[in-house]
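Q: Handing you a structure now.
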Amino acid sequence: MAEERPIRVAVAGPRGRMGSETIRMIASAPEFILAAAVDHGHDGERVGSLPGLPELDARIYADIADCFSVEEPDVLIDFTNPEAGKRNLQSAIEFGVRPVIGTSGFSNEDVADYQKQMADKKLGGIIAPNFAIGAVLVMKFSQMAAKYFPDVEIIELHHDKKKDAPSGTAVKTAELIEKTRQPKKQGAPDERETLKGARGADIDGMRIHSVRLPGLIAHQEVLFGGKGELLTLRHDSMDRASFMTGVGFAIKEVMSLDSLVYGLENILN
Ligand SMILES: NC(=O)c1ccc[n+]([C@@H]2O[C@H](COP(=O)([O-])OP(=O)(O)OC[C@H]3O[C@@H](n4cnc5c(N)ncnc54)[C@H](O)[C@@H]3O)[C@@H](O)[C@H]2O)c1
Ligand SMILES: O=C(O)C1=N[C@H](C(=O)O)CCC1
């Protein structure tokens, strides 16, 4: 039987916390090859010349279209910011490169637009707000619990360099909960905030609270209250390695998909 060739991966955001972790994961996985990196600086340099990255010869491109036409990667991984991520994803669609997008902050309208474009081209890809398997399980368990406990509050806790709030994970968790929870406005009907924001953000009557502190990485608690009982589901990422099982899995899965999936839970079996 012919041996499968390694999957050629381009990484956008190689100097970032997640981009650099992804490159270290790719360097240690024989089933993947780092084809290139995409960064707004360091054009023409080698990935191995960036501090903290493994000795890899892959080239850094400032222009993603150049990267795609010269290197012809199979997959693009994006861990940048929502603006760059959207540009990079659009470019991946144009060049037929399968996107694996970890960047958070995409709206449902953005996702629907990319899904339409990729369905038309039969191009596989994934946008996943969280690649940690445990975080995805908390989302699924929350969806189950919400059927019995419509009173829910989500507390997401992240490092203090995080730019978006609430987290993509919290929004996705709330969206999954909405599928099973009877809509309900929580708290006392006549409650009022004496300090604006005290009750957090509101999705369908559910509350989301965002904590930002040094020392944290990525954590989430989903609290369900019932008569005389409290159910708490909690997940902690204590190292960015926690996201890499999901990233590696997604790279392999997108090779056989023909549409854009939103959420790792849709491809985990
Ligand atoms: N899906 C997940 O499991 C998961 C996990 C962690 C973080 N995230 C998300 O990933 C994103 C990145 O997080 P981070 O902690 O690595 O952030 P970071 O700030 O450490 O890294 C982002 C990097 O993107 C680079 N960048 C900015 N514009 C660029 C462009 N046009 N082209 C290429 N690179 C560009 C920046 O220079 C920076 O190095 C955030 O949206 C975060 O919420 C998702
Ligand atoms: O570090 C971050 O930023 C993270 N963002 C994701 C989100 O917005 O849900 C989750 C994992 C860490």
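Each residue, glycine too, has its Cβ placed from N, Cα and C.
Pasting the relevant annotations from TrEMBL:
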- 7-131: domain 'Dihydrodipicolinate reductase N-terminal' (DOMAIN)
- G13, P14, R15, G16, R17, M18, E45, G102, T103, S104, A128, P129, N130, F131: NAD(+) binding site (BINDING)
- R46: NADP(+) binding site (BINDING)
- 134-268: domain 'Dihydrodipicolinate reductase C-terminal' (DOMAIN)
- H158: active site, proton donor/acceptor (ACT_SITE)
- H159, G168, T169: (S)-2,3,4,5-tetrahydrodipicolinate binding site (BINDING)
- K162: active site, proton donor (ACT_SITE)
Q: Given N130 (NAD(+) binding site) and T169 ((S)-2,3,4,5-tetrahydrodipicolinate binding site), what distance in Å do their CA atoms have, once rounded to a whole number?
A: 6
Q: Across all chains shown, how many C-beta atoms besides its own are within 10 angstroms of the C-beta of A128 (NAD(+) binding site)?
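A: Cβ-Cβ neighbours of A128 (NAD(+) binding site) within 10 Å number 28.
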Q: Using a 10 Å radius around its CB, how many other CB atoms surround T103 (NAD(+) binding site)?
A: 26
Q: Could you state the whole-number distance in Å separating the C-alpha atoms of T103 (NAD(+) binding site) and T169 ((S)-2,3,4,5-tetrahydrodipicolinate binding site)?
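A: Spelling it out, the Cα of T103 (NAD(+) binding site) and the Cα of T169 ((S)-2,3,4,5-tetrahydrodipicolinate binding site) are 11 Å apart.
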Q: Could you pull the average pLDDT for the domain 'Dihydrodipicolinate reductase N-terminal' (7-131)?
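A: Mean pLDDT across the domain 'Dihydrodipicolinate reductase N-terminal' (7-131) comes out at 97.
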Q: Let's see if you can do this one: DSSP helix, strand and coil counts over the domain 'Dihydrodipicolinate reductase N-terminal' (7-131), in that order.
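A: Within the domain 'Dihydrodipicolinate reductase N-terminal' (7-131) the tally stands at 50 helix, 28 strand, 47 coil.
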Q: Hey, does DSSP put G168 ((S)-2,3,4,5-tetrahydrodipicolinate binding site) in a helix, a strand, or just coil?
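A: In the DSSP reduction, G168 ((S)-2,3,4,5-tetrahydrodipicolinate binding site) maps to helix.
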